[in-house]
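One structure below.
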């Protein structure tokens with residue numbers, strides 16, 4: 001029984017689904033998808049639970065959410081292993097994900113009060129108040145690259161605000177989704193407040209098509225995000241938060257310490273086997289000897305990166321991709337770039353047949369026309385050369401996406417120019433593109449999102465503002481508007 005609906009574990013009535021470790025092939029999880037009827041049951045359960053949950057004091061909701069944080073802490077080792085085994089990422093990285101989940105609780109509580117708390121302004125004849133109210137029933141679609149942390153970034157603020165939730169994990173990480181749901185169960189959430197439905201495209205379509213849904217919070221690919229946007233078009237009453245991918249540029253300007261800049265580039269492009277939405281996909285290098293030296297050093301260090309299994313010792317920097325199919329898609333993308341005229345500096349290689357262990361790839365595309373503006377979700381970095389910094393900024397902005405952008409430079413004036421001209425939601429200076437703070441908003445523009453950033457701003461899309469003018473008593477104004485006469489009626 002792998003679905004959690006209205007406080008009970010039930011068996012899915014849809015297709016059978018299995019999940020294996022993408023490196024070893026070990027069977028990890030199996031269960032059945034939720035069918036459309038069960039998705040409807042989950043929605044009805046969430047709707048029935050909403051009034052009571054929303055009427056609880058914030059403190060009462062906070063207690064349950066903080067109890068979940070405690071359970072994450074006490075089950076950190078077990079959850080780390082589940083996430084690592086299912087995604088293929090190394091143990092060390094899965095541990096940082098669980099830590100981020102724990103830290104998200106306190107951050108979300110603070111964000112609720114700062115972004116969506118209550119305010120009161122005294123007026124001569126009363127007061128003006130601002131409060132925030134939950135939307136109702138929200139669907140959360142989780143991704144596979146951070147199957148615990150990223151859904152958590154929607155679910156926690158949604159519950160704190162008083163919403164009830166239907167959570168659909170990625171079909172590639174059902175085990176992690178179930179493991180997190182079991183901790184929420186132990187935290188003592190009332191029945192129906194949080195429901196879990198497993199499944200792929202059919203389950204997702206049934207969930208997003210529900211008429212009685214008040215909103216949908218999504219993290220994933222631009223293609224799926226656009227499909228959801230079209231499906232919910234013409235329904236302005238539903239909140240839709242889309243956190244999508246990017247074709248992110250990293251500009252290398254002047255480099256005093258080449259190894260430090262190479263380290264930053266590797267952290268930007270190849271961490272999580274290139275499976276972060278903020279990963280650098282395009283490296284913009286100065287033409288000339290300095291750019292040549294940097295690229296040579298980047299290739300030399302990158303070719304030493306050997307992917308390994310989640311529990312290998314010593315721990316590898318990167319593990320496998322989410323699936324063998326995903327690894328083959330990256331190789332195919334590299335081959336297509338070569339066919340267009342790209343010059344391979346480092347060829348991506350599948351280490352073993354039947355696994356997702358893929359080494360990083362680097363290919364120079366300077367002077368190649370018609371390169372697709374797409375996100376290749378894996379360890380593949382494309383390189384372009386530029387002559388002037390203005391040209392570098394134009395190249396950085398030459399994308400339909402707008403998630404992250406970075407600059408390596410000793411000159412603050414260039415960073416300030418980039419801040420003014422870059423079209424991206426995250427713009428970093430001498431920091432990896434993959435570095436983000438939960439105390440700041442996280443999201444992009446263009447094809448990277450719909451102006452509903454998450455992290456610190458997640459509270460914004462989990463509640464709507466209610467403004468009030470208030471007075472303890474009602475009296476006739478001493479000064480009336482022209483044309484109003486409240487004198488005693490004169491006998492005719």
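Placement of Cβ uses the backbone N, Cα and C atoms for every residue, glycine included.
Per Swiss-Prot, the feature active site maps to 243, 277; the stated evidence is sequence analysis. Residues or ranges marked as NAD(+) binding site by Swiss-Prot on the basis of sequence analysis: 220, 221, 222, 223, 224, 225.
Here residue 243 (active site) comes close to 150, 218, 219, 220, 225, 277, 442, 443, 449, 452, 453, 454: these same-chain residues lie at least six apart in sequence, with C-beta atoms under 8 angstroms from its C-beta. If you take the C-beta of residue 221 (NAD(+) binding site) and look for same-chain residues 6 or more apart in sequence within under 8 angstroms, you find 244, 245, 375, 377. The DSSP secondary structure for residue 221 (NAD(+) binding site) is coil. Apart from the site residues 220, 221, 222, 223, 224, 225, the chain places the Cβ of 218, 226, 227, 244, 245 no farther than 8 Å from the centroid of the site's Cβ atoms, the recorded NAD(+) location.
Here the Cβ of residue 225 (NAD(+) binding site) has 23 other Cβ atoms within 10 Å, regardless of which shown protein chain they belong to.
By a simple count of nearby Cβ atoms, those within 10 Å, the most crowded of the recorded positions 222, 277 is 277.
With all protein chains in the displayed structure included, the most crowded Cβ environment within 10 Å among the binding-site residues 223, 224 is that of 224. Every protein chain considered, the tally of other Cβ atoms within 10 Å of the Cβ of residue 220 (NAD(+) binding site) stands at 21.
In this structure, residue 243 (active site) is part of a beta strand by DSSP.
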